[in-house]
Amino acid sequence: KNSITSFLFASQLMIFLISFISTVFCGHLGKTELDAVALSITVINVTGISIGSGLASVCDTLISQTYGSGNLKRVGIILQRGILILLLSCFPCWAFLINTESLLRLCLPFKSSCSISMLSISFILQAVFLYQLQGRYLQNQGIIWPQVITGAAGNIVNALINYIFLFVLNLGVAGSAWANTISQFSLAVFLYSYIRWKKLHVETWSGWSQECLQEWGSFIRLAIPSMLMLCIEWWTFEIGSFLSGLISKVALGSQSILYELSTIAFMFPLGYGVAVNVRVGNALGAGNTEQAKKSCKVAMMCTVVLALKNKIAYIFTTDPYVINYLGFFGIVKGAGKQKIGAICNLTGYYIIGLPIGVSLMFAAHMGVLGFWIGLLVCVFMQSIFFLILVLKFDWKLLTEEVNGFCFSDLIKMTEILRKVNLMKCLGPFISEMQMNLIRKEMQGGLLKSEMLVSHISET
């Protein structure tokens, strides 16, 4: 688990550095440009990237469980389904981005910054979403190294293009936006090329199939809570940026720096949480209840050790509750309980943490510090809730639910075979209409079995 956590930390760091490098380059252009980039990153995170990342995170549950079950070809079907749904989700996100400038003018007094920040809003969502899906497709199979390699290559491209566009061609913030766009597409292309080159897809990918057009309801029912679970947390930090902008430009700059540093601080425990997610999901998918419980116990023990004793953890974060929270976060996702997690995040951040933070910011005149104190209270309360939730899990019931999902195609096959056998017994009593209905069900179902269709025709 330690090696997985380390590689996940490195891969998350590579993704973060794309926007961070652009911010650093724009900071050398001037204070107004830096504020503009900070605002644009906040807006695109709220209206686009957080939504796509949240929807893609459903694969942390579905792919980890399905891969653990050994039903490998179904992993590819889940990926195809995710690609289609996330690409369609780009359209409402673009609708928000098109109206970003007017929204910023309403929310913030720095109108000059708003106009410049619009230049760095680009249509990079499809590239970000595809990269997110590819990364989760690999990491839930225990494959992490490709994300690190391609992420490093993408950051080299990003730094080089930023330098050329900003200091050679003097394109300003617009040049940084183009550099960011090219870099995000480079990440997606690099990772796809690496997967094809190393043939990492062979076991789980059998080509595009009509099966990816089915079971969207069950996918979306889990994807929406997954999205809310992530977005509620993410949006809280972005709200902090907007609120800081209402205080002063200095407060906005301070919040932007704190946000970037906290993102880095979260990466190690976040990688740990994803590793726990993969272990628990694989074990549940394999029907190994005891292994799932063991992974959960090990994760809980590690969170206590990291939070209280291990000095290495304090290199990344001085807040022990962050480590506890993200460890339990991974267990909840691996078990497929995102709906409960979303409700907990909604309560913790918007009913407890944010009201406390806003009160301390403005009423107590504590500024940015007050906002972060509110978040600390929130994370502490959530850690307690998730601990109680995990301790009360019925692992046998969870295993049965996961197996029902992972082998739903086999269950449908059994049902169709039952109908075939029933037809043999009834013989001439079956009407032509009933036969056509069963044939359509088989042709449009998960089996794609021409042999069974012809067998029905013969009978």
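Every residue gets a Cβ built from N, Cα and C, even glycine.
Values in this document were obtained by computation on a predicted structure and should not be read as measured data.
Feature annotation from TrEMBL assigns transmembrane segment to 36-63, 75-98, 110-131, 143-165, 177-195, 216-237, 257-278, 343-363, 369-391.
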Task: Result, the transmembrane segment (143-165) in contact with the transmembrane segment (36-63) (3+ CB pairs under 8 Å) - done: no
Open item on the list: Within this structure, do the transmembrane segment (369-391) and the transmembrane segment (75-98) have 3 or more Cβ pairs under 8 angstroms, counting pairs 6 or more apart in sequence?
Closed with: no
TODO: Mind checking which residues of the chain, 6+ beyond the ends of the transmembrane segment (143-165), have their Cβ under 8 Å from one of its Cβ atoms?
DONE: 4, 7-8, 10-11, 13-15, 17-18, 21-22, 25, 135, 171, 175-176, 178-180, 182-184, 186-187, 190-191, 194-195, 198, 200
